[in-house]
Amino acid sequence: MGTGKKEKQRRIREGTTKDGNIRVKGENFYRDSKRVQFLNMYKSGKAIKNKHGDVIRAADYQDTTIPDARVQPDRRWFGNTRVISQDALQHFRDALGETQKDTYQVLLRRNKLPMSLLDEKDSTESPRARILETESFDQTFGPKAQRKKPRVAASSLEELVQATEEENKTYEEKEELKATLGLMGKQEDEENGWTQVTKEAIFSKGQSKRIWNELYKVIDSSDVVIHVLDARDPLGTRCKSVEEYMKKETPHKHLIYVLNKCDLVPTWVAAAWVKHLSKDRPTLAFHASITNSFGKGSLIQLLRQFSQLHTDRKQISVGFIGYPNTGKSSIINTLRKKKVCQVAPIPGETKVWQYITLMKRIFLIDCPGIVPPSTKDSEEDILFRGVVRVEHVSHPEQYIPGVLKRCQTKHLERTYEISGWKDATDFIEMLARKQGRLLKGGEPDESGVSKQILNDFNRGKIPWFVIPPEKEEDKKRKLDEEEVKSAKMQKVKD
């Protein structure tokens, strides 16, 4: 006898002729139980009332009857909890504060610590307005009050409207001036003490919203951020505003310096800058070249150390940020030992960020060059840092005196094989006549020769560098000692 017949007889004996499956009301050939429950969800949520308006069945979460609640009996209620005394917390906070300032130490497993308790907040400055210090309650309210009405500069409503319109007009003019980068001419405000000088639009390169969005994407996606600096002027190509942003918003990300273009400066200059910058962050000297590089092994070893610190992750991402034309893409090509990023000796070659695989656990991210806006930087400083393409600059001959200040005379004589110039104009004219770059009437092509000099200056054909602070102090100290010695010798002769 089959199993199905036995089961049928058992149901008849027990009086249950159903097949055992629980069916939902409304289920049929067209709607299955899941669809019916989904449709009933729309109908639910309302209370059911009788004809008198009394609630027969309350809606969900509407019932006023409170069920009996009991605390779950558990042995853990009577065991030790994770507590810490204030002395131990303060001791740990002091130790953590000392190590957080040291950029050569890494905090592992940050999520295991109560960072909200450990981070000390500056309680000296209160965010509230200090109104009571300037004007007390007694001077405003009570029998000794000196104020009878609010302090408004206007005596009537018409004057208030007029003053508001004037302030709004002044604000709109100021914002329009900012948007055009001062192209409307020199503007001065003696009361506020600001002066807006005419500035070429080309000198705003690297400050657009699109490029800053690319930078933020690179910072958010990176575990390690490499700040690429130009070895000739590391402090000039250093983005301090980005460092402050990372220190405040992303303190868990690692930031290191890479001093690129070390082949353009003497060895003692590169060593002095590495020593100076190592006080703030880990610093490496680097020369980007696919065939003959320097510092490649040290950088790869450092990245491997960072990957070993984050063993809980499958891979880490390394982002490259910095000024335009500092060699970010060239460093990536050097690490990969082949051309994976487009490079050029002109700024602005990298337009968007891109991912490159270095090895199984390390990825590299290339970023467009950024220029933090600064009121201290002049057009000459921006041009000499390689931010702007020289062919787009108008009147390039006005920047040649700055080149003569930064470069030694012997280097210029050796590069261009000329000597005996008196000023920048004389230097341009001598070089133009030597190269045969003359216009109609035998006049020198000052604009073309000036662009050539600026390109040679930015691309490393003319040797120049900024002296490190320690070496500059030593130089001043030696000069002072020599002056003291010469003064003593004069006294002895007298």
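Each Cβ is built from the backbone N, Cα and C atoms, and glycine gets one as well.
Sequence-distant neighbours of D366 (GTP binding site) (same chain, six or more apart, CB under 8 Å from its CB) are F320, K328, S329, I332, C341, T350, W353, Q354, I356, listed in sequence order. Secondary structure from DSSP puts D366 (GTP binding site) in a beta strand. Taken from Swiss-Prot, the feature GTP binding site covers G322, Y323, P324, N325, T326, G327, K328, S329, D366, C367, P368, G369, I370.
Residues or ranges marked as domain 'CP-type G' in Swiss-Prot (evidence: sequence analysis): 212-373.
The region 'Disordered' annotation in Swiss-Prot covers 1-20 (among others).
Feature annotation from Swiss-Prot assigns region 'Disordered' to 473-494 (among others).
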Q. Taking the Cβ of T326 (GTP binding site) as reference, which residues of that chain separated by at least 6 in sequence fall under 8 Å from it?
A. V228, L229, D230, T237, N260, K261, G369, G386
Q | Listed in sequence order, residues with CB under 8 A of P324 (GTP binding site) and six or more positions away | A | K205, G206, P347, G348, P368, G369, I370, V371, G386, V387
Q. What are the non-local neighbours of G322 (GTP binding site), defined as same-chain residues 6+ apart in sequence with CB under 8 A from its CB?
A. H227, V228, L229, T237, C239, K328, G369, I370
